[in-house]
């Protein structure tokens, strides 16, 4: 006989009689069982799968089902979208010197070619966030990926500069929706695995950047940049085919009142993972207006939103700035070579150009490989020191490495400094991708991530004019701009009011932050804010 007492209010309590005790006869099991009392906040054994509650939320189901085969499949599929995004970004630093020479473009037109991609991303990020909050994460992601695939392939056939400018802008418009894959992914992850998994998906970003450089080494000397643009769309093609396997977010379905679909999705995950579903009825959260910009500026989230916007701006500004600076510095040799060259040739013609050499590609590959240690370092520290401190540390190390570039170092030391700087700034970017979906409630999560992504694109839009145009005037001023921006971003990270380490995803904006996870973790409710 297993005896247990109901601990909460129940819709069935009237039917069960006056006594709150219930007995269940189990044949073939010894009857001398010792009663077990669970302390406050203690986890219910998995085999009982939530016997003391009549209702459960999506958060409960995701925690009970845990991490398994379903999440591994989702990691790979979402990772493909991420890999494609990285390749489309990395191609900018390879394409710029090539078109500069082939089409005899002045430096401002080369910078504009990079910026137009970010203009597209910036203008569409909020739109994709709205679509994902209004019509579902899967819908927004599918449309954005198919859009990017179509215009990515089409840009390989651009006959003149104005055509490639427009087509790359449209590619950027589509890429603006790719970060929504993180929203979909995060909403299927149990709390303990969330930070590690979102960081592991960033491995696909690193793979994408490395694959793009390797592809360029093989394709550029033989087939040329047009084939590079077409072949770079391969991961998107693969993702588009696998996209139909993706389920809609159960959190989104519950929030939009589609309880049956959410339950079917959760049962599918439980079956794939070989885990039990929680007993009882799935609670339907109250339906809210989804994807409203004003929700990001409620008194509770206003300060967080503004600080996050600046952090994302600085992340993209510095990360893409470093990617573009790398090719510029490698072509010159080092910082001092650029300075002396500027002094020697006062009236430098903006049409002079240098193709990327084999040595440039090799060093570019080395600095690109720094993305992997960046992931590992962030993975190691993010659950130890928290999201905020991880972002602050990443910005500080990048800023320090930028200042060290003032020294007249040789090519090898230059490569090492760029390696470390890129490892940490990519780590800071990854930490921001972990923190942002965690801090916003389900109703505004996609919009919150979308607007932050939009601000990142503003930073990326400005950075070519610093890394490629201002560099011609003063290399030291360029480095000071990047270093100063990251110092301010480190301060902004420290001033964020909420630390999300060890917290569940918030379902409703009408609840206090972190209320869903009260009693489930080892932290007290009072620790939800710093």
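We count from 1, first residue shown onward.
In case you wondered, yes, glycine gets a Cβ from its N, Cα and C as well.
Your range for transmembrane segment, going by TrEMBL and the list 108-131, 252-275, 276-299, is 108-131.
Range 447-467 is the one annotated as transmembrane segment, of 342-362, 447-467 (source: TrEMBL). TrEMBL lists transmembrane segment for one of the ranges 44-63, 364-383, namely 364-383. Record note: among 5-27, 74-96, 74-96 is the stretch given as transmembrane segment by TrEMBL. Remark: the transmembrane segment (390-407) makes no contact with the transmembrane segment (447-467), by the rule of 3 or more CB pairs under 8 A. Outside the transmembrane segment (479-498), and at least 6 residues removed from its termini, the chain residues within Cβ reach (under 8 Å) are 303-304, 307-308, 310-311, 314-315, 317-318, 321-322, 335, 388-389, 391-393, 395-396, 398-399, 402-403, 405-406, 425, 428, 435, 439, 466, 470, 513, 528-530. In this chain, the transmembrane segment (300-320) lies out of contact with the transmembrane segment (364-383); the count of Cβ pairs under 8 Å, excluding pairs fewer than 6 apart in sequence, is fewer than 3. Between the transmembrane segment (447-467) and the listed ranges 74-96, 108-131, 225-246, the one holding the most Cβ pairs under 8 Å is 108-131.
Counted over residue pairs 6 or more apart, the CB atoms of the transmembrane segment (108-131) and the transmembrane segment (170-186) come under 8 Å in at least three pairs, which marks the two as touching. Looking just at the domain 'Major facilitator superfamily (MFS) profile' (74-501), the mean pLDDT is 81.
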